[in-house]
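S.K.: This is the structure I want to talk about, given as structure tokens.
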């Protein structure tokens, strides 16, 4: 701000007051700040930068006393390096119209002093100047008040941030304390109850000779669990009763009570089919204990020929009812989902906590498993498949093939983003119909991430879309998804005429209809979502680079001086990149349209930047990967290949490691998603423990009861609707593999019940459709979802439970609705049974 005297005679004295952002420098005023006069006589000998003395005078023209500062006290405050500037001690909260008399006693001089006498015209000009100065003083005062208000707001904001930080620390402390207490409590409960173990007893039964035993010592028990092992089949007998089977009769005497004068004898019959292939199968059944009387068990075989049938029998008394065990299982499952949904802990740790809680619950009810038994619950075939394919993909990424595929996909889409997403989703759905879903996403995820980085897209949204269509496509064939494999492999269903071709024919048509509806629905769900990043690609890549550098620094454990030095260098690199990012954010601003108009020019630039880096390694990788995929496909048709998917993936990884001649093996191991593998191991233990707590069995039995309650003329349609939706909702919450394995015998018993007489195959199609499509409901509903999320997180693009849920759950609802309508038309209207 510049204050000048308009009088020509006083033009020689110019006083400049610069208002800076950090300090406010103002001229001193009289006790009456209503009028301000800053003048300097031309005849004065004052140096430039000094002010006149000021003496009080009752100005007649002005009506009030006006003053100017005396130079001896105010000093040369504009001279650079002057000590007067230090004496003034201006601060950020110093008012612009600062009274110098508050700091020092200033002498005042009347304005009617001879040296200040001027002509009438100049005096009028002075009055005008005074009015302007008064207006200026008021504005400056307003600015000072505004600055003070902003500082108060800033202080309030700082105080609010401090309160939020303190609250965050309290919440974090409560979380850690609560989880630690929970873990300690579960550990104590698990350690208090010993491992009872199962004592198997060998016995032989025949049509002419049965086996009987009396059990006692169950004073505090509520449930009797019987385990039968041998050449058995998990399923009830058909209505004809011609199959060979074993009948287990459990009898107990209920003592006389208040309502009964005589004791009552309770009898339970359990029929188990014999397997002609003599496979070793373990089946279990629970029976309620109604009294403290001894329990009698009798086993007899019903055979077409007289022969002995060897069996193994084990029994165990449990201290909690089935309802109590189911309630505890539901509470544990709800707790695990709460930890994952709200991201209280990492999903791997959440699965481990859930597994520990389930094991503690089993220990309390008297069914604590041994460590060997718990390890047997882990599906090592799935883990071997994941590990082998991760090794293959890690070596494959060294060739630059993923970058090349990304550029080709961009070229085929001609710069249209949604055309490219449509092609990626369609390719993923088709490939997953003939390969395992996990294998499909292990191959597609790196390509998609690199493609999105090239096009400045958000990879999270595209990856979620691919996962959804991978799960949909996997339901089309008998080998696309594990539930389908379990259903087709069942021997009882094979006897009913279920084969690969028939199953695929039924499922393929329904999945095609689901795909046709799911694509428009996905586009509708993405309608208001910005697929492009809001910032330029340079900024996005720089942020991602900072994130990767920081993760790398955090993963280095400072065990030695050299590692500490390397970690320090990485952190310095992070600081340098953050400084560069701040400069880029200040410089670059651009808007990106939803369709790239200059795609042809971009293609040429991308082709120059992203090429195949190692052609010889690419040939080796393609050869091994082609062999592995071929073996995956032939494994389901050629009986001479005695290798499962896990062995094929492991052998392929070993082959490629030999051909690639990689000396630094730790680099490849660093690219393996160990957190994902550990999550699956914990999830397998959790789901198997929940199965032992009778959760899955309870859901199946309640579904069967609901179907029996429906009138007979509507029972078939109601069964299809119930099975589809129960399977879909259950598979979105728990693993669909144990659920499918448990529901198959339940549905077989339901179809073979003479009172219901429902066809079994349509029920199996409904089970397969619901179990496969239900995996899109939540992030942990299918193995494919977890694998994709783990790889994306490894690349710095992880997505949360809710991000997947907002897109996956609506697609799951719509796809299950379309699939249900297809099954109703095919089996109710058309009668394709």
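Note: Cβ is positioned from N, Cα and C throughout, glycine not excepted.
Feature annotation from Swiss-Prot assigns N-linked glycosylation site to 210, 214, 269. The topological domain 'Cytoplasmic' annotation in Swiss-Prot covers 1-172, 403-417, 523-617, 661-675, 740-759, and the record cites sequence analysis as its basis. Taken from Swiss-Prot, the feature topological domain 'Extracellular' covers 194-325, 370-381, 439-501, 697-718, 781-810. Marked as transmembrane segment by Swiss-Prot: 173-193, 326-346, 349-369, 382-402, 418-438, 502-522, 618-638, 640-660, 676-696, 719-739, 760-780, 811-831.
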S.K.: Given a separation of at least six residues and a C-beta threshold under 8 Å, show me what packs close to residue 214 (N-linked glycosylation site) in the same chain.
M.R.: 294, 295, 296, 297
S.K.: Would you mind giving the whole-number mean pLDDT across the topological domain 'Extracellular' (439-501)?
M.R.: 87
S.K.: May I ask which of the stretches 382-402, 418-438, 676-696 has the most CB pairs under 8 A with the transmembrane segment (618-638)?
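M.R.: Ranked by Cβ pairs under 8 Å, first place goes to 382-402.
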S.K.: What count of other C-beta atoms do you get within 10 angstroms of the C-beta of residue 269 (N-linked glycosylation site), across all chains shown?
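M.R.: For residue 269 (N-linked glycosylation site), the count of other Cβ atoms within 10 Å is 9.
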S.K.: Just jot down the residues in the same chain as residue 210 (N-linked glycosylation site), at least 6 apart in sequence, with C-beta under 8 A of its C-beta; none if empty.
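M.R.: Listed in sequence order: 298, 299, 300, 301.
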S.K.: Are there three or more C-beta pairs under 8 angstroms joining the transmembrane segment (760-780) and the transmembrane segment (502-522), sequence spacing 6 or more?
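M.R.: Touching, yes - the transmembrane segment (502-522) and the transmembrane segment (760-780) meet the threshold of 3 or more Cβ pairs under 8 Å.
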S.K.: Which sequence-distant residues neighbour the transmembrane segment (349-369)? Criterion: at least 6 residues beyond either end, Cβ under 8 Å.
M.R.: 179, 182-183, 185-187, 189-190, 192-196, 221, 225, 316-320, 324-325, 328-329, 332-333, 335-336, 339-340, 377, 678-679, 682-683, 685-686, 689-690, 692-693
S.K.: Restricting to the same chain and to residues at least six past its boundaries, which positions have a Cβ under 8 Å from a Cβ of the transmembrane segment (676-696)?
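M.R.: Those are 286, 322, 325-326, 328-330, 332-333, 336, 347-348, 351-352, 354-355, 358-359, 361-362, 365, 367, 369, 374, 377-379, 382-383, 386-387, 730, 734-735, 737-739, 742-743, 780, 783, 786-787, 790-791, in sequence order.
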